[in-house]
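Here's what Swiss-Prot has on this protein:
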- 1-277: region 'Amidoligase domain' (REGION)
- S23, K198, T199, K200, P201, T202, Q203, K234: UTP binding site (BINDING)
- S23, D158, I159, E160, K198, T199, K200, P201, T202, Q203, K234: CTP binding site (BINDING)
- S24, L25, G26, K27, G28, I29, D81: ATP binding site (BINDING)
- Y64, G364, L392, G393, L394, Q395, E415, R472: L-glutamine binding site (BINDING)
- D81, E151: Mg(2+) binding site (BINDING)
- 302-549: domain 'Glutamine amidotransferase type-1' (DOMAIN)
- C391: active site, nucleophile (ACT_SITE)
- H522: active site (ACT_SITE)
- E524: active site (ACT_SITE)
Amino acid sequence: MNGSADAGPRPRKYVFITGGVVSSLGKGILTSSLGALLRARGYRVTAIKIDPYVNVDAGTMRPYEHGEVFVTADGAETDLDIGHYERFLDMDLSRGNNLTTGQVYLSVIQKERRGEYLSQTVQVIPHITDEIKERIRKVAEEQKAEIVVVEVGGTVGDIESLPFLEAIRQFRFDEGEGNTLYLHLTLVPYLETSEEFKTKPTQHSVATLRGVGIQPDILVLRSARPVPEEVRRKVALFTNVRPGHVFSSPTVEHLYEVPLLLEEQGLGRAVERALGLEAVIPNLAFWQEAVRVLKHPERTVKIAIAGKYVKMPDAYLSLLEALRHAGIKNRARVEVKWVDAESLEAADLDEAFRDVSGILVPGGFGVRGIEGKVRAAQYARERKIPYLGICLGLQIAVIEFARNVAGLKGANSTEFDPYTPHPVIDLMPEQLEVEGLGGTMRLGDWPMRIKPGTLLHRLYGKEEVLERHRHRYEVNPLYVDGLERAGLVVSATTPGMRGRGAGLVEAIELKDHPFFLGLQSHPEFKSRPMRPSPPFVGFVEAALAYQERA
């Protein structure tokens, strides 16, 4: 940590973030923002998300229920908050950064079956709580973190959270008061009728937290508007928290305002003080510039996302953030027009895409809306509108090209039509013997070898890159030569897969189009505010150019 070189190693610091009153207050953004403030002070920080559900991971959950499944470099299917952490901290995390009840109990049961508990009666305390603490410490050690920020999902009072709350309570006993900090995020509703903030729910939430042995050191009050100083003093008095340790987190227009807002109030210094750290002035220049561009863009461009889960934007969270990052890079605001892919099957496409300058088809599964996505890809190809296809979006582009350019009538994916006469998209051979769904796809970072002279090579500026993946199907290698003869450009492959010379098709594009790109990977998972994804930067740049021409 910061300090003199001869001071010796300092103990690791742990910050635990809990939530009260209601769920979905934004603990993930608070965790990410605090991590960003600490990183801006020069500390090595990591963040861990605890999800109290019994699922082992988020991989098999419905997007409408849980939002996006975020994939880490090591192939873990995790909660979408892990994506927030990676973006705000500008670092790759791992499967250990997302801890679930399912993982903990599965591990403890397996240890008991192996006889590791030496005939003990296995109980929540100490065996489950010890497993939780061990996993948190393991991540901290592996990632050489000086400060570990741990978000406990759910709401204080939920029965599922109790073992985790007990585990984090024990951390103070194990590590000492100066090395642990409890931060509680809670709702302070504002009643329009009486024009007042109501603090009673927060008082009850803190009382519930105290009931499990945790006295919060810092409170962050979520509200639709800034919570005034006199209300914060009242909350401090009735919750036994220092007055200077109660902060306001009002609703803001842009997520990247949150770190700046909290720093302005002194949250970073309060955390330093509580953990016995020296005061450091953070370097927040990037965040300040990003917010300035978001609030005062030089241009605005509208992108259509033709997807399946358009009523649940969180299902495409990293995609939206990647577009935002690309907008910042291009000093532009990116507006999204949500288009239900199923509606495109019979829609007037001129009307559906009337006011957009780019069409994006995201990843997804299942047959619903597929033909609408195919029509969207055809419209983009024929009208020379910038097109970006992600994962399934690449496969859609190949299906459309095969049918309408290569003359392969009825071409399709075997995922949607097992009896198609031309299976231009087929199940990967490695997937034929796979049983079960959880964690069985081609996941995580895989290399892409990029062909020189292509659009993709111009975007990345290099011949090999790593991108995240999450798929079971691929472009059928038996059709690649024919598609290339018809004019499709295979601009990237994964080298050496299954011993084939050509490798798995990773990217396709068109020569006679200003920007038509399909990627089998999910580059949005690696896009960061400070390091935006090259395909997204190029896509937004092309959309801006199209808008100017139009």
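Glycine too: its Cβ is placed from the backbone N, Cα and C atoms.
Where Swiss-Prot records a feature, it is marked here on the structure.
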residue: I29; record: ATP binding site; DSSP (3 states): helix
residue: D81; record: ATP binding site; DSSP (3 states): helix
residue: E151; record: Mg(2+) binding site; DSSP (3 states): strand
residue: K198; record: UTP binding site; DSSP (3 states): coil
residue: Q203; record: UTP binding site; DSSP (3 states): helix
residue: K234; record: UTP binding site; DSSP (3 states): helix
residue: E415; record: L-glutamine binding site; DSSP (3 states): coil
residue: H522; record: active site; DSSP (3 states): coil
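In this structure, the binding-site residues under consideration are G26, G28, P201, G393, and the one with the smallest number of other Cβ atoms within 10 Å of its Cβ is P201. Cα spacing between K198 (UTP binding site) and Q395 (L-glutamine binding site): 52 Å, rounded to the nearest whole number.
Taking Cβ-Cβ distances under 8 Å and a sequence gap of 6 or more within the same chain, the neighbours of Q203 (UTP binding site) are V235, F238, T239. For the binding site of CTP, formed by S23, D158, I159, E160, K198, T199, K200, P201, T202, Q203, K234 according to the record, the largest Cα to Cα distance is 31 Å, rounded to a whole number. Residues Y64, G364, L392, G393, L394, Q395, E415, R472, recorded as contacting L-glutamine, have a largest CA-CA distance of 23 Å.
Once the Cα atoms of S24, L25, G26, K27, G28, I29, D81, the listed binders of ATP, are compared pairwise, the greatest separation found is 13 Å. For Y64 (L-glutamine binding site), other Cβ atoms within 10 Å of its Cβ number 12. Look at the binding-site residues S23, T202, Q395 and count other Cβ atoms within 10 Å of each Cβ; S23 has the fewest. Averaged over the region 'Amidoligase domain' (1-277), the predicted model reaches a pLDDT of 93. Among the binding-site residues listed here, namely K27, E151, L392, K27 has its C-alpha nearest to that of T199 (UTP binding site). Note: the CA-CA distance between T202 (UTP binding site) and L25 (ATP binding site) rounds to 13 Å.
Using the Cβ center of S24, L25, G26, K27, G28, I29, D81 for ATP, the list of other same-chain residues with Cβ within 8 Å runs, in sequence order, G19, L30, T31, E151, L185. Using G28 (ATP binding site) as the reference Cα, a 10 A cut-off selects E151 from the recorded positions E151, G364, L392, G393, H522.
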